[in-house]
Amino acid sequence: MNVSIVGSGYVGTTVAACLADLGHEVTTVDIDEDIVDAINDGDAPIHEPGLDELVAEHGGERLRATTDYDVIRETDLTMLALPTPSNDDGSIDLQFMEAGASSVGEALAGGDDDGPHLVVTKSTVVPNTTEDRLAARIAEAGLERGEDFLVASNPEFQREGTAVEDFLNPDKLVFGTDDERATALLHELYEPLREAAAGDVPVVETGIPEAEMIKYANNTFLAAKVSLINDIGNICKELCVDAYEVADAIGLDDRIGERFLRSGVGWGGSCFPKDTDAIIAAARDLGYDPAVLSAAVELNDAQPERLLSLLDDHVDVTGKRVAVLGLAFKPGTDDIRNTRAVPVIEGLRERGAEIVAYDPVATENMRERYPDIEYADSAATALDGASGAVVVTDWDEFAALDAEFDAMTEPVVVDGRRVVEPRDGITYEGLTW
Ligand SMILES: NC(=O)C1=CN([C@@H]2O[C@H](COP(=O)(O)OP(=O)(O)OC[C@H]3O[C@@H](n4cnc5c(N)ncnc54)[C@H](O)[C@@H]3O)[C@@H](O)[C@H]2O)C=CC1
Ligand SMILES: O=C(O)[C@H]1O[C@H](OP(=O)(O)OP(=O)(O)OC[C@H]2O[C@@H](n3ccc(=O)[nH]c3=O)[C@H](O)[C@@H]2O)[C@H](O)[C@@H](O)[C@@H]1O
């Protein structure tokens, strides 16, 4: 098939490169010329394992990029993979989606009338957005839904750090449609993926708002699961009980499941925080206050300060050098959006600490946000002379740290991710164990 994808960030580029690898002709449309040039030159615009190889192989050939929306007229369907950030009150900000939908409408209106063009919402949007807001923007170009264009929702469940692997081997595909022609096109699009996937890939055929809600239910359920294990972990810490042994045991109950039971400094990233806020705001708008989700957010917001209060128990960090190990919101990515490192850095600054931060790949992104803190080029350099270290991201390399702690002035390590091995010579505090 010939596919266009509007928005070539974390999701758009990964989906585009994977679809190209599966044999489709794919063009991404982005307003950022650097991203467009990178893809056409065969360079991935973001850090994501496995993506460099795919973009190197297909970029400029089966995978192309452009700033020109008109290209979508030549394609069989268009996916919208545009940002859906939060407004100040937590509600979803649809300005990028609406601008993209308007541009798609204008591009389609400028072409020949050769049947309806399918526009698929890949981005995470609150239920009814695709039909009420995006279809309306497309129609403003003088197009008729059903005649000139169709809309559908096909939410994406990939995680950063494993996005390529996740996209190619999803646990489900969700097709939210109101028209058999749209359903058929989505089946055609994903047929090569289902053939190549390691296991069976079930397809959930449903309505458009249901598909949109499935995405929020999926993300908020997982976020709340982590908050629940953090709540249990905080109790465990008070009781001197190891929350990880508890989690391993309850994870054996397949009604609970072993995944997403790692307690610690909390969930960050580009999606859990904004999606939880967005669905809470949407619910409150309708007069319903979701108590469990609100509590999950509140608990998550408090974990970084719990981490720092454990450090306070051992060191007065005022005027002292403190190492922050890990800046990315999770390992395997350079993404710092809503990383727990930000409240940790803020809390250390409030305490008057001199921060030295280290991350294997996210340093440059964090330097843009905090140009005035010191960045080390290795964990060893960050620890050298530090009075206290806090672990914020569970990068594998932190598990191998050992003699490096000997260079600390006050060897206190507070681990927010259970990654450092406790050893003789350091005071080790786990957040929930
Ligand atoms: N990041 C992730 O792993 C996942 C994200 N999602 C959802 O996917 C959506 C996109 O997220 P990301 O890829 O992370 O966003 P992103 O911010 O990485 O990428 C968005 C891209 O859209 C481009 N853009 C903005 N306005 C545009 C316009 N009018 N026309 C063309 N291009 C435009 C930007 O230049 C950027 O390259 C969001 O709704 C997010 O919630 C869903 C699953 C996973
Ligand atoms: O909508 C999205 O963007 C994506 O959001 C999450 O993916 P992602 O944010 O990339 O990463 P996760 O692995 O889910 O981790 C999110 C946060 O939870 C934290 N986490 C995760 C698992 C756990 O056991 N404990 C824990 O604290 C991580 O450290 C991280 O800060 C979902 O897992 C994806 O399915 C979804 O597509």
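Placed from the backbone N, Cα and C atoms, the Cβ positions cover glycine too.
TrEMBL does not curate its annotations; it predicts them automatically.
Record features (TrEMBL):
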ACT_SITE  C271  active site, nucleophile
BINDING   D30, T84, T124, E160, K274, R337  NAD(+) binding site
BINDING   F157, Q158, R159, E160, K215, F260, L261, R262, S263, G264, G268, K330  substrate binding site
DOMAIN    323-422  domain 'UDP-glucose/GDP-mannose dehydrogenase C-terminal'
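Structure with TrEMBL features highlighted.
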residue: D30; record: NAD(+) binding site; Cβ contacts under 8 Å, 6 or more apart: V6, G7, S8, G9, G12, V36, A65, T67
residue: T124; record: NAD(+) binding site; Cβ contacts under 8 Å, 6 or more apart: T84, P155, E156, E212, K215, Y216, N219, C271, D275, A278
residue: F157; record: substrate binding site; Cβ contacts under 8 Å, 6 or more apart: D166, P170, D171, K172, K215, N218
residue: E160; record: NAD(+) binding site; Cβ contacts under 8 Å, 6 or more apart: Y10, E48, G269, S270, F329, K330, G332, T333, D335
residue: L261; record: substrate binding site; Cβ contacts under 8 Å, 6 or more apart: K225, V226, I229, A247, D248, I250, G251
residue: G268; record: substrate binding site; Cβ contacts under 8 Å, 6 or more apart: F329, K330, R337, N338, T339, R340
residue: K274; record: NAD(+) binding site; Cβ contacts under 8 Å, 6 or more apart: T84, P85, S86, I92, N338
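Across the binding-site residues listed here (R159, K215, R337), the residue whose Cβ sits among the most other Cβ atoms within 10 Å is K215.
Minimal Cβ crowding within 10 Å, among the binding-site residues T84, S263, is found at T84. Proximity of the recorded positions (D30, T84, C271, R337) to ligand 1: a Cβ under 6 Å from the molecule is found for D30, T84, C271.
Binding residues for NAD(+) (D30, T84, T124, E160, K274, R337) extend across at most 22 Å, taking the greatest CA-CA distance. Over the domain 'UDP-glucose/GDP-mannose dehydrogenase C-terminal' (323-422) the predicted model carries a mean pLDDT of 97. Here the domain 'UDP-glucose/GDP-mannose dehydrogenase C-terminal' (323-422) is broken down by DSSP into helix, strand and coil counts: 32 helix, 21 strand, 47 coil. When other Cβ atoms within 10 Å of the Cβ of C271 (active site, nucleophile) are tallied across all protein chains shown, the result is 24. A Cβ distance below 6 Å to any atom of ligand 2 is met, among the recorded positions F157, R159, G268, C271, K274, R337, by F157, R159, G268, C271.
Those residues noted as binding substrate (F157, Q158, R159, E160, K215, F260, L261, R262, S263, G264, G268, K330) have their most widely separated CA atoms at a distance of 24 Å.
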